[in-house]
Amino acid sequence: FSGDFCDSSLCLNGGTCLLDQDPQKPFHCLCPEGFTGLICNETEKGPCFPNPCHNDAECEVIDDAHRGDVFTEYICKCPHGYTGIHCEIICNAPLGMETGAIADFQISASSMHLGFMGLQRWAPELARLHRAGIVNAWTASNYDRNPWIQVNLLRRMRVTGVVTQGASRAGSAEYMKTFKVAYSTDGRKFQFIQGAEESGDKIFMGNLDNSGLKVNLFEVPLEVQYVRLVPIICHRGCTLRFELLGCELSGCAEPLGLKDNTIPNKQITASSFYRTWGLSAFSWYPFYARLDNQGKFNAWTAQSNSASEWLQIDLGSQRRVTGIITQGARDFGHIQYVAAYKVAYSDDGVSWTEYRDQGALEGKIFPGNLDNNSHKKNMFETPFLTRFVRILPVAWHNRITLRVELLGC
């Protein structure tokens, strides 16, 4: 090559023309990705052309020597927040610290601060993002030289990031300025996320004040049951509210359309519904049973407290259902919720099958809510393909009252 450019119109599809000293071939085309041939007129074929990966993911060809037991000819390198073979699954959903889907017993810490003569417990279960109140976060003991707080997710999940927030204690801002993240599959042996190029444990940047949010996404998603945050530098005290981001390992746990109203009202029905003081204007209709629904009448309430009552969702077509989130509500100050329930499913809305664990003879009873507002998430060990889903209350507090979301794909 002479290194000089020539008329690029000689090369098609955006190719760059370079002069060549060979008289047989006076110019050479540098073809853009996806094109080949003397004048870039042929579409390049191969496992990565066209790119099979979604969401701007990079496609990398695997050569035969390194393929081993991997039968695909390529892998997709997913950008932050995506997962799946083709990076088609969004994996940065809040895992439940803020909503209460992660229960108090799942959160533990090395220590906690006891304030105001020991009456104020800055306990680990308070470390929930945006939690309000005077005592509204976790604070490590002043005497704890190696503080940490951890979450047991109860099963292996894909964890892709963390959102941290400080709090105000005794009128002063306290927060975590830098921290490490450790993880474990068994709760005994922990490893730290590593920095780039063997630089040791990765140090994450934390907060700058007591109320702002700091999002840190992990370079490589974790597939773990336990996640531990380890403060390194704190402002005044090691005080923390936080949320974990990620998704189920299956990737099939997206909301199926109750909360966002993609399931229309007519597809949400029930055995009956309650009218406060018998007035139609004060009806707790089935289609109010949408997770986090707001308003004075914001949930489904059954007419009677009976195990024969049910709430039914028609998904419109057959879907793979992998889990459920339930929530109670409040009726003029009275806290109401379903404390335990069964799940049934049907393809035609007539013939029903109660969900049961593998090998079980009876329908599984799922633990429900403990209050009117927290989320309670239950995942099905054996997901099912269905169109119709029924929730069958077994135990309740005050009245049978439900807000709900189904999960799946």
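Cβ coordinates are placed from backbone N, Cα and C, and glycine is handled just like the others.
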Second cysteine of the disulfide that Swiss-Prot assigns to C247, among C91, C234, C238: C91
Selected from C11, C17: Swiss-Prot disulphide partner of C6: C17
For C17 (disulfide bond), the number of other Cβ atoms found within 10 Å of its own Cβ: 19
Pairwise CA distance, C252 (disulfide bond) versus N41 (N-linked glycosylation site), rounded so that it is a whole Å: 41
C-alpha spacing of C17 (disulfide bond) relative to N41 (N-linked glycosylation site), in angstrom: 13
Glycosylation sites: N41, N372 - member with fewest neighbouring CB atoms within 10 Å: N41
